[in-house]
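> I have a structure here, written as structure tokens, and I will follow up with some questions on it.
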């Protein structure tokens, strides 16, 4: 493997370690022992849930290919997963608000374990069922756990600023350290021990079962709005009215969809960008480097959010602009340097520059997650939190399905350019969100519970 990969990985690891070890009292938030116990319990559970997800990710495509399916069939399976998340996500989100977030988190474990079991079958229909179950599980993973955390945090009367500490640590561990360890563990099972491509899915099922046991024994239940006995359709209307009547919620949803659409598109594009002529690249090592960059970003986010004088809405504009510039690099390098059509032995200068730019983008992803969580905790009303969060994922899933269906229809530079435009638009919307969030409280929209009179006519 080229020295350049080791250099990038080593520098990234050194910077992350330096950031964590150099924290001063200004970079830390003073908390209570009861909060620390609560936070650590959540971080353990969330890390286990993310480990169950990360273990599967690198081997889904590989497993389908070993069963003899071609690119077209595999593409349909992936589209089924995102389509399932889009169609059923809002339903399971509403059920989480109505039936309880703890139950929804347990349901995530059960559904994802069933999805893992289907991977033992080479039959296309069984694998399709597995992808549908996986899409439902993904919707629960990115809504139910956060909704439970925020509700429980508020129920225990912890300081609101302490939420940012939990968010940043969750991203640092769940989207960083756990992702790297899961990738190494999966590689150990498949390559070193030769247990086959289904082994990571079995390991994920076991890990999810352990996490479910911890949830059942240590978590209490909380709900969106237990005082209201709303049916599912009414809950959808309440969530839709909240988004339509509060500009801050609508802006937040648009910002999240634009960023995540760019992020998921990047997941499909970074491999062909770094190996334009099918050069051999160490995918696992590059993935680990990206996760280190994400850890760097979450570490920076923790420092930024620890400063009460600095608002998330302010610095996220810069983050979106930097991420937009980083994804413009493939276009810039293709203009300045004539792309080679010959397979090269090592990493070209163009690809080296792109790799560095992609690391910057992943650092922005690391800042984005805890920051968007913080803003969601401030703006999304508690009684329909999971429902609204899954509404935000609908345009994202539609876009990803379109990209998957037309992945070969457009040049890679066009795709990166589109992502860069999305991120630039996100920065503009973030600017608007910052402006309206600074308005005096009297000028803001009233909470959802005060708007019940607006909701009732629609529910008749």
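Each Cβ is built from the backbone N, Cα and C atoms, and glycine gets one as well.
Annotations for this protein, taken from TrEMBL, read as follows:
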- 6-22: transmembrane segment (TRANSMEM)
- 42-62: transmembrane segment (TRANSMEM)
- 74-93: transmembrane segment (TRANSMEM)
- 128-150: transmembrane segment (TRANSMEM)
- 162-186: transmembrane segment (TRANSMEM)
- 198-219: transmembrane segment (TRANSMEM)
- 285-306: transmembrane segment (TRANSMEM)
- 318-340: transmembrane segment (TRANSMEM)
- 346-369: transmembrane segment (TRANSMEM)
- 390-406: transmembrane segment (TRANSMEM)
- 412-429: transmembrane segment (TRANSMEM)
> Tally Cβ pairs under 8 Å between the transmembrane segment (346-369) and each listed stretch (6-22, 42-62, 74-93, 198-219), then give the stretch with the top tally.
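If we count Cβ pairs closer than 8 Å to the transmembrane segment (346-369), 6-22 scores highest.
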> Cβ pairs under 8 Å only, please: of the recorded stretches 6-22, 42-62, 285-306, 390-406, which one is richest in them relative to the transmembrane segment (74-93)?
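Counting Cβ pairs under 8 Å, the winner is 390-406.
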> Counting only residues 6+ away from its ends, which parts of the chain sit with a Cβ under 8 Å from the transmembrane segment (6-22)?
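Non-local partners: 285, 288-289, 292-293, 295-296, 299-300, 303, 355-356, 359.
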> Examine the transmembrane segment (128-150) against the transmembrane segment (318-340) and state whether at least 3 Cβ pairs sit under 8 A, considering only residue pairs 6 or more apart.
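No, since the transmembrane segment (128-150) and the transmembrane segment (318-340) share fewer than 3 Cβ pairs closer than 8 Å, they do not count as touching.
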> Hey, does the transmembrane segment (42-62) touch the transmembrane segment (198-219), meaning at least 3 C-beta pairs closer than 8 angstroms, sequence gap 6 or more?
yes
> Counting CB pairs under 8 Å, which listed stretch among 42-62, 285-306, 318-340, 390-406 touches the transmembrane segment (162-186) the most?
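Most Cβ pairs under 8 Å with the transmembrane segment (162-186) come from 285-306.
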> In the same chain, who gets a Cβ under 8 Å from the transmembrane segment (318-340) while lying at least 6 residues past its ends?
255, 259, 262, 266, 273, 276-277, 348-350, 353-354, 357-358, 360-361, 364-365, 367-368, 371, 412-413, 416-417, 419-421, 423-424, 426-427, 430
